[in-house]
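Undergrad: Handing you a structure now.
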Amino acid sequence: GFLPPACVCGGRGQQFGMRCCEWLRCCGGGEPRPRTVWLGHPEKRDQRYPRNVINNQKYNFFTFLPGVLFNQFKYFFNLYFLLLACSQFVPEMRLGALYTYWVPLGFVLAVTVIREAVEEIRCYVRDREVNCQVYSRLTARGQPPSSAVTVFLFITQNQRVPADMIFLRTSEKNGSCFLRTDQLDGETDWKLRLPVACTQRLPTAADLLQIRSYVYAEEPNIDIHNFVGTFTREDSDPSISESLSIENTLWAGTVIASGTVVGVVLYTGRELRSVMNTSNPRSKIGLFDLEVNCLTKILFGALVVVSLVMVALQHFAGRWYLQIIRFLLLFSNIIPISLRVNLDMGKIVYSWVIRRDSKIPGTVVRSSTIPEQLGRISYLLTDKTGTLTQNEMVFKRLHLGTVAYGLDSMDEVQSHIFRRDPGVLGSSPTSGSSAGSLLLPLSLACSVPSLAVRRTMSSRVHEAVKAIALCHNVTPVYESNGVTDQAEAEKQYEDSCRVYQASSPDEVALVQWTESVGLTLVGRDQSSMQLRTPGDQILNFTILQIFPFTYESKRMGVIVRDESTGEITFYMKGADVVMAGIVQYNDWLEEECGNMAREGLRVLVVAKKSLAEEQYQDFEARYVQAKLSVHDRSLKVATVIESLEMEMELLCLTGVEDQLQADVRPTLETLRNHSRPRSRVWMLTGDKLETATCTAKNAHLVTRNQDIHVFRLVTNRSEAHLELNAFRRKHDCALVISGDSLEVGAGTPPRTGKLTCAVGDGGNDVSMIQESDCGVGVEGKVSEGAGGLLAAQRSVRGCQVVVLGWEAHRGWLLEKQIAHFSFLPVVISTPRPRYSTIYTMFPVFSLVLDKDVKSEVAMLYPELYKDLLKGRPLSYKTFLIWVLISIYQGSTIMYGALLLFESEFVHIVAISFTSLILTELLMVALTIQTWHWLMTVAELLSLACYIASLVFLHEFIDVYFIATLSFLWKVSVITLVSCLPLYVLKYLRRRFSPPSYSKLTS
C-alpha cells in the first residue's frame, strides 16, 4: 500500500522511531518474486514486506531456556550429572541428601544460563540500538497506519540506511552522494550513488507525493554489486522511463557519507541483501570441551567395569543389578561435577584477562565459551585489505612503454605538464598554486628548439596525465576552514578546503598524484568536470556517459566532451587481464604489468579512443535502449559497450601500493615461524597473483628467498591431486592458489580436527568468522590483535589441561578409598561432596594463574606452542599417568591407615579425609610452575576451611582424636610416602629430560 496524497506540511515529515516492525508487516512465504512499488497510487496496497528488524540473537524469550539446556545436555558429560542427580529421587538409589547432588548441578547450570543470558542481553541491546534509530519520514498527512508500507525516508549524513532503497533525491549540489559500505562488503572506500534523474529534477521533496509513478525491481537476491530495475513516471506526456542500476540503490547497512538523501523502501527484513549474504551464527563448542566429553565416556566405562567387579566379588548375590547401580552412584566422583565448575569459571577468568590485557586495549570478548581455543589454533585465515593493510594507496609508478617514472623522477612528469600549458609561459616563476611551480625557472630555461625536440614526449605524458585526471569517480568537496565559507571556497577552488571523495582509494591516489604534477580536479557534478592547469586555466569537460567499475568487468570508463574543442573522447582504465584484449597490439604491456606486480604494485592500464559525433549518437541510442531492458540487461549493456572497446590507444600503466598496518611485519613473521615446517597462515585477497605474492613478502608472511609454488588453474579433481603432489615434494615452500582452483581442489574436504581462526575487519568477513572455530573481528589494526592472540595462547596453556588432570586424579583418589572400604560400615556420604568442592576446589582453580614461561618469551620462541598444538598435554597417555598416580596415592593412604591406625580404625573417616586433603594440597604445589600470591592464599584457605568444618562434622570426625600428636605424625608419614616419590620423579625428569621451556626460564 501507499500513503494517500494530501497536503504536505513543510515537505519533511515528522520524526519517528525507526522500529521498522511498527510499519513493515510480515509477508507470506514462497519464492522471491519481482515487485512493483507504486508511488502516488493510493488504491494499490497489495504489497507486503517482511519485518525489518535486525536480530543477531541465538534464542528468543521462549526458546532461551530450552535451547540453553539442550545445548548443555546434548553432551554426555552434562547428561551424566543430570541422570546422577535424578537418580536420587529413587529411595533404593539414594546415597545422601538431595542437595549434595542438585546444588552443584544447579550451580553449574546457573553459571551457564547467566553467562548465556548476559551475552544474549548484550546482543539484544546492540540490536535494539540499531532497530530504534530515529529517521525522518516524508508523509502526506499525520501519522499513517502501520499497514502503509511504501515509505519515503530522509537519511542524513552519517546515518545508517535501514532498508534496501531506491535513491530518489539528494541535497548535494553535484546531484550525487557517497556511501560507506565497510559493514556490507568490507571495503573502507566510499561508493558513489546517483539519484533517479526524474525525481532529482523535482522542485522539492514534497513533490514526490504528488507524482504518479512506480518502481519495477528484480526479485530479492544475494548480489550486492548488481541491480536491475526501472523507474516510470506516468503523469507526464509522454511517460518517462529510466533504467535503475546499482548506482541508484542504497543497501541496508551502508552509511550516508555526504549530504541528505531521500529514498523509497524496496526490500526489508529477510529480503535485505545484507541478510541474505549472512549465515545464521552457530553455537561454537571448544575442542577442549569435546575432548573432555570423550574422556568422560572413557571414565564412565571404567566406572561400569569397577562396579561390575565389586558386584562380582559378592558373587552377584541378591538384587545384584541394584547393587551395580548403587556402586555406579557410589563411585560417581570418578567424574567429579566440580570439573565442570572449574572449567566454566576458568573460561570466565580467561575472558576477563583478555579484556583487561593492556597490550590489546579495547578488546571485547563476544563469547566466553571458547577462549581456550586461542591456544590451539592450527590455521589462521586473515583478510588482507583493511586488515593486514591500511587500504591507503600511494602512487608509485607511471609507465609509458618506452619510459617509466618513479617517485624520484616525478619532477620530470611535472615539467612536461608545465611545458604543455600555454598559460605558464607568460606567468612569473612563482605564480600559480601548483606545488611544482618552484621548478619553473629550470623548466623555462630550456630553449625553444629543445622544447620542440621533447614535444612528442611531453604530449604523451600530458595525454596520460589528463586521462588519469578524467577517468574516475572522484568528486572534490570543499569544506570550510574557518576563513572562507564553503560557497566561496567552492567558487574559488581553494586548495586548502578541498578533499576528495571516491569509491576507491586507488582513484583518490591517482587524482592526488595528478594534482601534485600540475593537473588538478577542482570541480565535478553529474554532468561536468573541471580541471585546473598549472597556469590556473580551467578546462571544462561534459560527462556524456560513465561506465562504473564492476567485479565482473574489472574496468571502468567515461565518455567526455572537451568544451573548448568539442572533441569526444572515450577513456578507460582497468586490470591488465581484460585491457590486454581491448587496446591496440603492443609488445610491452604483459611484461611490464608483471614487473610492476612483482614489486607489490596494483596495476591499472589506461587507454583512450576518439569518437566522432555520429559515432557517439549511434552508441547512445543503443545504450539507452539496452539500459531499459528488464531481462538480460547486463548482457545487452555489456554488448553495446564492447562495441566501443576495440582498438583503443594504450596510454600508460599506473602503479599504486597499499600501505601495511603498523607492526604487521614482526607479527606475521612470528606467526610464520610458529607454523613451520608447514604453512599454517593463509592470506585471502582479491588482488592480482603477483601483487598478492609481493604483499605477502612485504608483510614477512613469506621470506624473500622462500620458494613459492603457484597452483596452476585446474578443472577437475585429478589435475588438482597432481598439482598437490607436486607441491608436497617441495620443502619449506609457500603456496599461492586462486579461488577457482581452490574450489575444484577442495571439494568436500574431510574434517581434520585442526582448529581455524579467521581474522577480518568488514561485513564481507562475517561468514568466514562465523564458520571458523574462533573468529576475531578487528577494528583498525590487526597486528595488535594477532599479537594478543599469541599472548592469549600462552596464558591459556597452563591451566585447562592441568585442571582436567587434577579433577580426574582427585576423583580416582577418593573413589580408591571408597572401593577398598566399601565392605566396611563406614559413613562417607556427607564429607565426600565437600572434598571436591569446598576443601580442594580453590587450589585446583588457582591453577588458572599458572604460567610455565612469560608471555614475552612465548612471543619470542613460538616453537613452544608445538606440544600444545599436537595435543600432547591432553593425550590419553597423560590422562593415564594421572589415573596411575591416583591409584598409587589411594593405595598408599589406604594401606598406610591399615598399618599405622590398626587399633584406631574406627576413625577411618578422619584419617582418610585428612590424608586426602593434605595430599591434594601438596600435589597442587608440586604441579605449579610459577607461584602467584593467590595460589598461596588458595592453599591456606582450603586448609582453613577443612579445620573449621571439623566443628560441624563431629558425628563423623572426632576432633579430639585429630588433635593428638600420634594422629599428626602418622598422617604426616602417610602423606609424605604418597607425595615424596612424585617429587623425586619430577626432579629427575627436569634434570635428565627437561621440558622445552626450562632453559628459557633458568
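Using the three backbone atoms N, Cα and C, a Cβ is placed for every residue, glycine included.
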Undergrad: Looking at 69-90, 905-926, which one is transmembrane segment according to TrEMBL?
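TA: Going through 69-90, 905-926 one by one, TrEMBL flags 905-926 as transmembrane segment.
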Undergrad: Quick test of your reading of TrEMBL: among 250-269, 570-589, where does it put transmembrane segment?
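TA: In TrEMBL, the transmembrane segment feature sits at 250-269.
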Undergrad: Considering only the recorded positions Asp383, Asp761, Asp765, which residue has the minimal Cα-Cα separation from Arg602 (ATP binding site)?
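TA: Closest candidate to Arg602 (ATP binding site), judged by Cα separation, is Asp383.
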Undergrad: Excluding the flanking five residues on each side, which residues at least 6 beyond the ends of the transmembrane segment (250-269) place their CB within less than 8 Å of a CB in that stretch?
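TA: Contacts with the transmembrane segment (250-269): 20, 24, 26-27, 35, 37, 39, 49-53, 138, 149-172, 177-181, 183-184, 190-191, 193, 195, 205, 208, 215, 217, 220, 224, 275, 477, 501, 763.
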Undergrad: What is the nearest of the recorded positions Asp383, Phe549, Gly686 to Asp765 (Mg(2+) binding site), using the Cα of each?
TA: Asp383
Undergrad: Mean pLDDT, the domain 'P-type ATPase C-terminal' (835-994)?
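TA: Mean model confidence (pLDDT) across the domain 'P-type ATPase C-terminal' (835-994) is 80.
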Undergrad: Spatial neighbours of Asp761 (Mg(2+) binding site) among the recorded positions Asp383, Phe549, Gly686, defined as Cα within 10 A: which are they?
TA: Asp383
